[in-house]
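To keep things clear, I will list the structure first and then write my remarks on it.
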Amino acid sequence: MEAVGERGNLARVGHILLVLSGKGGVGKSTVSTELALALRHAGKKVGILDVDLCGPSIPQMLKVQGKGVHQCDSGWVPVFVDQDKSISLMSIGFLLEKPDDAVVWRGPKKNALIKQFISDVTWGDLDFLIVDTPPGTSDEHISTVESLRPYKPLGAVLVTTPQAVSIGDVRRELMFCKKTGLRVIGIVENMSGFVCPHCLECTNLFSKGGGEELARHAGVPFLGCVPLDPQLTQSLEEGRDFIQEFPKSSAFPALAHIAQQILDRTF
């Protein structure tokens, strides 16, 4: 049995889950955040590690932008986003002098920070650590997967939208998982339909079913479809509390179902 000390700051993390996408703009960071909230709603304690170094949007979603990261003897203390301290977050967004500062770094410096995030953040007791990765299959992904390998991640959730271009990119992400030995927990089809805020009818603005078909062809689980919810988007734009607004969203039942499938795979 592995000694607790060998796992360092991840010693008391139950399961590590990576969220991947083949391209940008598919709502990967939103799905990561919503999944964390859905797991929290199921009574789990969750951490989010935002390694999307060039686009750290999760601090703004959770209304913790501008918070400072403190150090303790064991490393960095993540930012708690709720009073119950049931969700903690670490992001490069907390380390920038200004929110609009661009991260203009070459690969080695990015990879060094990713490794530091994985080893030096004191998460404490967590049921799940969700790792929000950049789009694509770059050097940063390899660094993330290799750094997490000793901690035996539960696997990866792949996010796509219904369009053929996005689905083609996810095929490459599936190949990345195969080559790196990362288990695919399943595929999520995001932005699958538009929920009218007035009549609550769901209309397919794009196509539908591409993610499910891809999962069937690839032989991996299809976790579900998540609709576009303009009311949830508006709440984010207006700076309302995402944690309070999310359970009212039409996307919540879909994410709760996805979270339950992930929980079922941990037994």
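Each residue, glycine too, has its Cβ placed from N, Cα and C.
The ATP binding site annotation in TrEMBL covers G22, K23, G24, G25, V26, G27, K28, S29.
Annotated [4Fe-4S] cluster binding site per TrEMBL: C196, C199, in sequence order.
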Pop the Cα-Cα gap between G22 (ATP binding site) and C196 ([4Fe-4S] cluster binding site) into the table, whole Å please. 28
List the Cα distance (Å, whole number) between V26 (ATP binding site) and C199 ([4Fe-4S] cluster binding site). 25
I need the least crowded one of these binding-site residues (G22, G24, G27), counting other C-beta atoms within 10 angstroms of each C-beta. G24
Only counting partners 6 or more residues apart, tell me which same-chain residues put their Cβ under 8 Å from the Cβ of K28 (ATP binding site). V19, L20, S21, D52, D132, T133, P135, V159, N190
Excluding near sequence neighbours, so keeping only residues 6 or more apart in the same chain, what lies with its CB under 8 A of G25 (ATP binding site)? P135, T161
